[in-house]
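Novice: Below are the features listed in TrEMBL for this protein:
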| type | residues | note |
| --- | --- | --- |
| DOMAIN | 20-79 | domain 'V-ATPase proteolipid subunit C-like' |
| DOMAIN | 96-155 | domain 'V-ATPase proteolipid subunit C-like' |
| TRANSMEM | 12-38 | transmembrane segment |
| TRANSMEM | 59-83 | transmembrane segment |
| TRANSMEM | 89-117 | transmembrane segment |
| TRANSMEM | 129-155 | transmembrane segment |
Amino acid sequence: MSALVATEFCPVYSPFFGVMGATSAIVFCCFGAAYGTAKSGVGLTSMGVLRPDLIIKGIVPIIMAGIIGIYGLVVSVLIGNGFKQVMSLYAGFIQLGAGLSVGLAGMAAGFAVGIVGDAGVRASAQQPRLFTGMILVLIFAEVLALYGLIVALILNTKATTAEC
């Protein structure tokens, strides 16, 4: 009877959910980072035509967008370290939730960083006093991905305690 209960709570497909969590973390965060980099890069090159002296200052949104991809990488590696051939369904679902939380938060943050970075870089080229405001809005956009990272780390610690 106990072997039947163990297979109910630890089916053979449980690791699939963990793998999908790791995949979701890196893929969605990289979608957001790529969009943020591309959108901010377009604004930077447009601004660089008129004010090439401000190009280094305008790289800040591109760097912030790239950091979002690192969040997904960290969570994917942490989830991947918890993979086992036999694992509980609970652990698989927790790992999926961790990956989705950082991935979708990172994608949303990347979109926000890209849009703010594009408009902010162009505007700060015309009015330099807007640079500080742009940085503050970028920080608020970036922190959305950080919230997803924190939730994913907390969830992933719960997955390591699940046993079959």
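Each residue, glycine too, has its Cβ placed from N, Cα and C.
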Novice: Below 8 angstroms Cβ to Cβ, which residues of this chain, lying six or more residues outside the transmembrane segment (89-117), approach it?
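Specialist: For the transmembrane segment (89-117), the sequence-distant neighbours (Cβ-Cβ under 8 Å, at least 6 residues beyond its ends) are 9-11, 14-18, 20-29, 31-40, 43-44, 60-62, 64-65, 68-69, 71-72, 75-76, 79, 82, 134, 137-138, 141-145, 147-149, 151-153, 155-156, 158-160, 162.
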Novice: Residue list, the transmembrane segment (129-155) vs rest of chain: Cβ under 8 Å, 6 or more residues beyond ends.
Specialist: 25, 29, 32, 57, 60-61, 64, 67-68, 71, 74-75, 78, 94-95, 97-99, 101-106, 108-110, 112-113, 116-117, 120-121, 123
Novice: DSSP helix, strand and coil counts for the domain 'V-ATPase proteolipid subunit C-like' (96-155)?
Specialist: 57 helix, 0 strand, 3 coil
